[in-house]
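Asks: Below is a structure I'd like to ask you about.
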C-alpha cells in the first residue's frame, strides 16, 4: 500500500509522505465543484479548504506520534491517504494506559484546533452564523470539520482512535491479544454498518464504503500482527532459523553450483567468500543463467545480489516477522563476525503461527511455539 508515495518533508524528525492516491480526493472535489456550475474561484477556494482539512489531519497524526515519543516509542513515517493519515509506529506502548493516551492525543489536537477556531469566530463575528465573507465561511467549515473528525475518529471501530481506546481499556482486564481480537470484531461490525450506510447513500457519502473497507481490512491485518507477536514472544531468530542450509561460494561457476542447488529445498542461497557473507543468489537467477551458455559460465559473484536483507541471530523474532517485507521469505542469519549461521524461512514460521492459531480458537489462550533444535545444540 505504501510503495508509491512522495516525500513532503521531515517534521519533528519524522518523514511525511503523500501516497499517489491522495491526489484523487482534490481532483474529485474540484471536478464535482466544476460540474455543478462552480466558478474557477469556487474551485480554487474548495481546493484550498481541502488543503486546510488535510493540514488538520497531519497535525492529528503528529499528535499521536509525539505522544508515542514521550513513552519512548519511535515512528517510522507518516503517510497521507485519501481517507486520512497513517502513522507507522515502531511498536505500540507496552502499558494499556500509555496506548490510551497515544490514542486520544490525535483527537485532542482537533479539539485544540476547534477550540481555537471557535474562539476566533466568536471574537471576529460574534454568534452570527450568517455573517458574510469567505474567511467566515472557511472558519465555520473548518470548525465543523474538526468537530466531525473528533466524533468520527472516536467511533470504536478498530484500528481507528476510538477502537484503540476500546482496546487499551479492554487490555486492562484481559491480555493484549484477546483485547485486540475483541476490538477487531467490534470494528468489523461497525465497518459493515458503515459500508451499508455508504452504499445506500452513495451520492452524499461516496468515500464511506472505502473507509469502511479500510477499517475492516487494516483491523484484521493488525490483529494478525498481534497474533504473530504473541506466538513468538521472547524468541530470538536463532530459535527459529534453519541450521542445515546450502551456501554459494562466490567464485563457483553457475553451471557447477546449479547441480548442487538442484538437490536443495532452498530458494535463497547465501553467497560467501572466505567463510564470510557477501550477498545472496536466488533460485530464479540460477534458472535464468542456465538458459544460455554464457550464463552457465558466469560465476556466482557476477550475478549475486549485494543489497539483500539479513538479520542478526540475536534479533527478536517478533520484530523480524512483523516488519519484514512480504517478498523476503528466506533471509540469511549472521553472527557478529558476518558469518552465515542460519537461514530464516519467514513463510515457514508464519505458517506454523497460523497452524497454531487455527488449533486454538480461543484468543485468550496462552500462545507458544516449540522450535526444534538439534540435540547438543547449546546456542
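Just so it is clear, glycine is given a Cβ too, placed from its N, Cα and C backbone atoms.
Sharing the features that TrEMBL gives for it:
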TRANSMEM  40-59  transmembrane segment
BINDING   60, 64, 161  Zn(2+) binding site
ACT_SITE  61  active site
TRANSMEM  100-126  transmembrane segment
TRANSMEM  138-158  transmembrane segment
TRANSMEM  179-199  transmembrane segment
DOMAIN    303-360  domain 'CBS'
REGION    360-379  region 'Disordered'
Asks: Tell me, roughly as an integer, the mean pLDDT over the domain 'CBS' (303-360).
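Replies: Residues in the domain 'CBS' (303-360) carry a mean pLDDT of 82 in this prediction.
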Asks: Given the Zn(2+) site residues 60, 64, 161, which other residues of that chain have a Cβ within 8 Å of the mean position of their Cβ atoms, reported in sequence order?
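Replies: Surrounding the site, in chain order, are 61, 63, 85, 87, 103, 105, 106, 107, 109, 153.
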Asks: Just to be sure I understand, if DSSP states are collapsed into helix, strand and coil, how many residues of the domain 'CBS' (303-360) fall in each?
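Replies: Counting residues by DSSP class gives 22 helix, 15 strand, 21 coil.
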Asks: How many other Cβ atoms are found within 10 Å of the Cβ atom of residue 64 (Zn(2+) binding site), counting all protein chains shown?
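Replies: Here the count is 25.
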Asks: Helix, strand or coil by DSSP: which one applies to residue 61 (active site)?
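Replies: In three-state terms, residue 61 (active site) counts as helix.
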Asks: Which sequence-distant residues neighbour the transmembrane segment (100-126)? Criterion: at least 6 residues beyond either end, Cβ under 8 Å.
Replies: 56, 59-64, 66-68, 71, 73, 92-93, 136, 139-140, 142-143, 146-147, 149-150, 153-154, 161-162, 164-165, 168-169
Asks: So, in DSSP terms, is residue 161 (Zn(2+) binding site) helix, strand, or coil?
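Replies: Helix, per DSSP.
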Asks: Using Cβ atoms only, which residues of the same chain lie under 8 Å from residue 161 (Zn(2+) binding site) while being at least 6 residues apart in sequence?
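Replies: Residues satisfying the criterion: 103, 104, 106, 107, 153, 154.
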Asks: How many other Cβ atoms are found within 10 Å of the Cβ atom of the residue listed as 'active site', counting all protein chains shown?
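Replies: If we count other Cβ atoms within 10 Å of the residue listed as 'active site', we arrive at 22.
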